[in-house]
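Scroll down for the structure; my scribbles are underneath it.
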Amino acid sequence: MAKQGSKEKKGYPELKEVIKATCKIRVGPGKETLTEGNCLWALKTIDFIFEDLKTEPWTITKMYTVWDRLKGLTPEETSKREFASLQATLACIMCSQMGMKPETVQAAKGIISMKEGLHENKEAKGEKVEQLYPNLEKHREVYPIVNLQAGGRSWKAVESVVFQQLQTVAMQHGLVSEDFERQLAYYATTWTSKDILEVLAMMPGNRAQKELIQGKLNEEAERWVRQNPPGPNVLTVDQIMGVGQTNQQASQANMDQARQICLQWVITALRSVRHMSHRPGNPMLVKQKNTESYEDFIARLLEAIDAEPVTDPIKTYLKVTLSYTNASTDCQKQMDRTLGTRVQQATVEEKMQACRDVGSEGFKMQLLAQALRPQGKAGHKGVNQKCYNCGKPGHLARQCRQGIICHHCGKRGHMQKDCRQKKQQGKQQEGATCGAVRAPYVVTEAPPKIEIKVGTRWKKLLVDTGADKTIVTSHDMSGIPKGRIILQGIGGIIEGEKWEQVHLQYKDKMIKGTIVVLATSPVEVLGRDNMRELGIGLIMANLEEKKIPSTRVRLKEGCKGPHIAQWPLTQEKLEGLKEIVDRLEKEGKVGRAPPHWTCNTPIFCIKKKSGKWRMLIDFRELNKQTEDLAEAQLGLPHPGGLQRKKHVTILDIGDAYFTIPLYEPYRQYTCFTMLSPNNLGPCVRYYWKVLPQGWKLSPAVYQFTMQKILRGWIEEHPMIQFGIYMDDIYIGSDLGLEEHRGIVNELASYIAQYGFMLPEDKRQEGYPAKWLGFELHPEKWKFQKHTLPEITEGPITLNKLQKLVGDLVWRQSLIGKSIPNILKLMEGDRALQSERYIESIHVREWEACRQKLKEMEGNYYDEEKDIYGQLDWGNKAIEYIVFQEKGKPLWVNVVHSIKNLSQAQQIIKAAQKLTQEVIIRTGKIPWILLPGREEDWILELQMGNINWMPSFWSCYKGSVRWKKRNVIAELVPGPTYYTDGGKKNGRGSLGYIASTGEKFRIHEEGTNQQLELRAIEEACKQGPEKMNIVTDSRYAYEFMLRNWDEEVIRNPIQARIMELVHNKEKIGVHWVPGHKGIPQNEEIDRYISEIFLAKEGRGILQKRAEDAGYDLICPQEISIPAGQVKRIAIDLKINLKKDQWAMIGTKSSFANKGVFVQGGIIDSGYQGTIQVVIYNSNNKEVVIPQGRKFAQLILMPLIHEELEPWGETRKTERGEQGFGSTGMYWIENIPLAEEEHNKWHQDAVSLHLEFGIPRTAAEDIVQQCDVCQENKMPSTLRGSNKRGIDHWQVDYTHYEDKIILVWVETNSGLIYAERVKGETGQEFRVQTMKWYAMFAPKSLQSDNGPAFVAESTQLLMKYLGIEHTTGIPWNPQSQALVERTHQTLKNTLEKLIPMFNAFESALAGTLITLNIKRKGGLGTSPMDIFIFNKEQQRIQQQSKSKQEKIRFCYYRTRKRGHPGEWQGPTQVLWGGDGAIVVKDRGTDRYLVIANKDVKFIPPPKEIQKE
């Protein structure tokens, strides 16, 4: 009993798997399931109740016995609930024991109850059956076939309970599910064939699945007919399927085999359809996407259906049915609208015609046009219909005269079963390969057939290294059957029977392997799955130079080949090399070298991770002495240059190098030596017969050889897209699937003639296809490894960093992001094991690239569309994207910045690289989109800054990268950063102060605007995901809130800020006016305005407040000989304040040891590297270790006094006014003035005022200028008119054949001019918008020309708020100012035209001369006057608005509600909605007065005016 108890504690081992399956059954509708404790409780309770059964094993018989006994028990009222739980748990255990998988406890009880109903009341049932069938044998009781006592059989209908149970399982789990298959196999063992097929037909399920099941049954029937010729004792298909038989006839014993075969066929069909439904290419899973056209959907659907191994009627049914049911909702509605009730029976061509426009932008307009189009005449139906079989219009596929297509040879006119080529293959001679299993291209020179015992029979099998599986035509049924298996090869898809654990014997070696029984195979094949186990190998090396053209190679002139002795190798490596070389010799790849071949190249070997040895050859010396060949292939093909194809195939050439013979006269130079251990025998010398690995010409010889072999074949197939790189072949086409595979077949057969093998395990049919590191998909491409490894902060070796960067650079054509900080990290020590330190900035830069790689996908090239290349400003690099449609890039890339080149030059360099890439990959010249404006690029070209522009180019606005709008002008949760930047104390400074207490400041050169942006950039770098930024720069504030998508980004600081902000969650930007008493804003302004002590480097330590100086650190171990001085440069740059100087002193610990610092004074404002001069006063050498504190830096205040001369009253040096008192300082400016005049030809007054030279000297310069004397203006110009600020005149003028529109501001004389195409109103209105945008005028005067008086022009002037007047007709004085400007402009233009290449540039130079270089009598130019007037207007407007805000009033105060006397007048300090604030003069206090006690009065000035 003790032992039994211990066994019970351990549970029930024989029911371990049963209990495990039972624990998956749910208790109710929720997710709660039975537990192991529930099962053990039920089993132990049963053992306790029925002690007589306790020792019996838990079989299904024992469980049924317990179930019957439990039914006979009546529990007490208090135990009914536990008793019901016991019964339910037992029912679940019984179902698991029988292999059933009910989902819930209730379902398990129903199953047991149903099975119990089939067996309960046996006596009552027996009596009932005995009445119906008196001759029934009572001991054999099965339904619906019943055995009669007379020896015959009868039939009874399938019970409704069983039928309902099967219906329930089919609805819950599916018609082809394992549950339904298991239930049907259980019940149908005694059914007739007719019962099985009728019940299967009445089951609920997908109609397409039922058609596929019927097709599989038809295939089984055809296979039965082929394998079992008609005979006296052979069952026919009609007998197996129960056709033409009554129920009584089908129930007889002679039909038992037919019923079993029928059930087996049904089970096989269910399994085949189930496996088919889970495959990725299942047609029923091909559904139309929302963004996909109906034609593309049909192409994918037909491709999937054509690939299915089913009969043509089923394919036709699937095409008609799935083309409607799997279409999108829009297409279904369109088909319903167009085809009406016959939509389910319509052909695919009719549905494509109906849905041709669904999804396009003009869909609604086309529907409207169709509705308004008159009805066509009858009799024209089908004229535009297109046959999907031959591709010709005028008929449908089912009416095609070309007939059906053979799935074996790809030809039209016959079916596969009637194919002559297939029959001829069955009569091939020994050595031929199986065309159905392997492609017909593997035609080697008589591959051997060997005798293999398969099961109990000896067979001659063809040794085929290209076949994956072992194929036999018949089998003795030994082993374990594993059902049907689908074999896919280049020749098509076929189906066979798989058997495992089959006894195989070759000579004395016996194994248990796997075979495939394929009755239609013309030859039996031993595949790779069993060759290795049996120790069989086959090398088919083709070394016949008659077939493969040989490429001539030779040594350089005067070279005699390598003569390098073989170095010693260990015993282990010699054994590994011997094994490899022996194998190569057997395969015919190396041969024994004759004695007079004296050259030698060393060999060695390494052990791979798998434990096998790999042979390596040191060809460095031979490579040096060998003449080079031209490069056959200049680069790697790129998927962005591929065209989108319907079908693709990727092939790999096996043993590519070892198939091509080496040029025979050259072979003597490739000799190598196999050493003999301990010199126990002579060495063995070999030479290479084929292209060896590691030889520098192997790739070139291989590529030239393949070029010669494939040239003719490629020319014969212009309809395909063919690519080859080394041993990888790409084939793409838009042909039908059979035709495409036929071309692949043809290529394989063609190169097989030269001995090249195409292993099937490396062949890829269809998408996705892996090729050259890329992964090709139907509509896109990406990299095979579409992720980059993560990096973390901390040390990293240069070797590992280089590998990471290499992975990134390889994927740049999908990333397109620069990594300047990571690249900078690679600078310095070039030792591979040297360490670098990864910081947070590097991690962020790397993560940005990883995220971009996840998001990006490349597209294919369309030869009918133009190609565009768009360049953009990146982080210290130029980034560009190549595309044909927006948002669908072909590829992207990065060109890193080049020193000493401007931004424009760098962009042009990147554009050159982009153009070159596009031409190489597509053969087209791209249209280049440059950032900025066209005028800027034309000016850069004219000025000579750039010397090349693309053939086709234009400009664009906006940066396509920044789309995220997460900057708002509201407060967000998070810290606040107060930023400021600008020129402080003559130096650029920037920084921020955060609400968290964090501070940052730094010196940096730049303009005020740049420094303000840099301060924001630094705050964004350090700030969290949510933060606030406060700035007093209106420029920076408006930039942060600007719509960046429409901004021309030319500022690299702005681009970097955009990238930082793009990665934030949300940023609140706020503006405050500067110097207005806001505490935090004043604090940051003071903080960066201080001249602060700044350091760079790690050579100094922070000091305590009580320390005298800062400790300096020795950068490395320094050795100072006795009595000598050494200068030590430390890792420190320092920036002293202007009122400081510093001294480097000796530390007392060093002075005690006789080591002193010499000198060491640092002047105020010094910004360089610190050097320490050390003197060793000892008589022995002193060593200062690295990191030791060896000196100190002491800061001192700077005191400056002027030196007064003693007795000397005159100075000899130059003063502020020149040499002594001569005043001749202006003489040095005369050459500068002459040079300036030669550029701009300004007048004498301008030269006099700008360069400070005498008026007479300036006039001499003008008079000596030949250009100015030839183009002299008239001395008097008459005429005048109204003048005023912001009042302009406009008119057209002509210069040679060019028309110029001239504007002049009448107050300042500022001129604005543009070359126009004509004197039209449209042209004038366009120029008016440009003029208004730059100058904001108020009024304009013109003549009565048609362009000026047009109605549209008047409406535009009214819209812009410009007061427009016209002059007096035929009175030139009304336009005198602009007429005089015409003459001045043309006179100056004539002087400058020879200096410029383009007329527009000369016109711009003229405006510079007249507006900026021309000075008036007061020394001001027209531009100065115009700007001064604008500023005065602003100041007046501001003062006026301030004046309007100042108010005065009388007021009275109240005491206990009673008003006092009126006081005042006084100024209102603040005014609100219901009260004001004033200052009481008597008490000097601020009072709040309600509006009812206030009387406002006019300002004092207005009182005086009155």
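A Cβ is built for glycine as well, from the same backbone N, Cα and C atoms used for every other residue.
Noted in Swiss-Prot for the protein shown:
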type     : residues                           : note
DNA_BIND : 1447-1499                          : DNA-binding region
ACT_SITE : Asp464                             : active site, protease
BINDING  : Asp652, Asp727, Asp728             : Mg(2+) 1 binding site
BINDING  : Asp980, Glu1012, Asp1032, Asp1085  : Mg(2+) 2 binding site
BINDING  : His1237, His1241, Cys1265, Cys1268 : Zn(2+) binding site
BINDING  : Asp1291, Asp1343, Glu1379          : Mg(2+) 3 binding site
DOMAIN   : 459-530                            : domain 'Peptidase A2'
DOMAIN   : 587-776                            : domain 'Reverse transcriptase'
DOMAIN   : 971-1093                           : domain 'RNase H type-1'
DOMAIN   : 1270-1430                          : domain 'Integrase catalytic'
ZN_FING  : 385-402                            : zinc finger
ZN_FING  : 404-421                            : zinc finger
ZN_FING  : 1228-1269                          : zinc finger
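Shown on the structure are the features that Swiss-Prot records.
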residue	record	DSSP class
Asp727	Mg(2+) 1 binding site	coil
Asp980	Mg(2+) 2 binding site	strand
Glu1012	Mg(2+) 2 binding site	helix
Asp1085	Mg(2+) 2 binding site	helix
His1237	Zn(2+) binding site	helix
Cys1265	Zn(2+) binding site	coil
Asp1343	Mg(2+) 3 binding site	coil
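Across the domain 'Peptidase A2' (459-530), DSSP classifies residues as 3 helix, 43 strand, 26 coil. Each residue contributes its Cα atom, and for Asp1085 (Mg(2+) 2 binding site) and Cys1268 (Zn(2+) binding site) these two points are 52 Å apart. For the binding-site residues given as Asp728, Asp980, Asp1291, Asp1343, the lowest number of other CB atoms within 10 Å of the residue's CB is seen at Asp728.
When Cβ neighbours within 10 Å are tallied across all protein chains shown, the highest count among the binding-site residues Cys1265, Cys1268 belongs to Cys1268. Residue density at His1241 (Zn(2+) binding site): 22 other Cβ atoms are found within 10 A of its Cβ, drawing on all protein chains shown. In sequence order, Leu651, Ile653, Ala656, Tyr725, Met726, Ile729, Lys762 are the same-chain residues whose CB sits within 8 A of the CB centroid of Asp652, Asp727, Asp728, the residues recorded for Mg(2+) 1 being left out. Here the binding-site residues are Glu1012, Asp1032, Asp1085; the one with the fewest Cβ atoms within 10 Å of its Cβ is Asp1085. Taking a C-beta cut-off of under 8 Å and a sequence gap of six or more, Asp652 (Mg(2+) 1 binding site) has these contacts in its own chain: Asp727, Asp728, Ile729, Leu758, Pro759, Lys762, Arg763. Mean model confidence for the zinc finger (385-402) is a pLDDT of 60. Comparing C-alpha positions, Cys1265 (Zn(2+) binding site) sits nearest to Glu1379 among the binding-site residues Asp980, Glu1012, Asp1032, Asp1291, Glu1379. In this structure, Glu1379 (Mg(2+) 3 binding site) is part of a helix by DSSP.
Taking a C-beta cut-off of under 8 angstroms and a sequence separation of 6 or more, His1237 (Zn(2+) binding site) has the following same-chain neighbours: Leu1247, Ile1261, Val1262, Cys1265. Counting residue by residue with DSSP, the domain 'RNase H type-1' (971-1093) contains 48 helix, 34 strand, 41 coil. The Cβ of Glu1379 (Mg(2+) 3 binding site) has 19 other Cβ atoms within 10 Å, all protein chains considered. Across the DNA-binding region (1447-1499), DSSP helix (H, G, I), strand (E, B) and coil residues number 3 helix, 31 strand, 19 coil. Distances between the Cα of Asp980 (Mg(2+) 2 binding site) and those of the binding-site residues His1241, Asp1343, Glu1379 are shortest for His1241.
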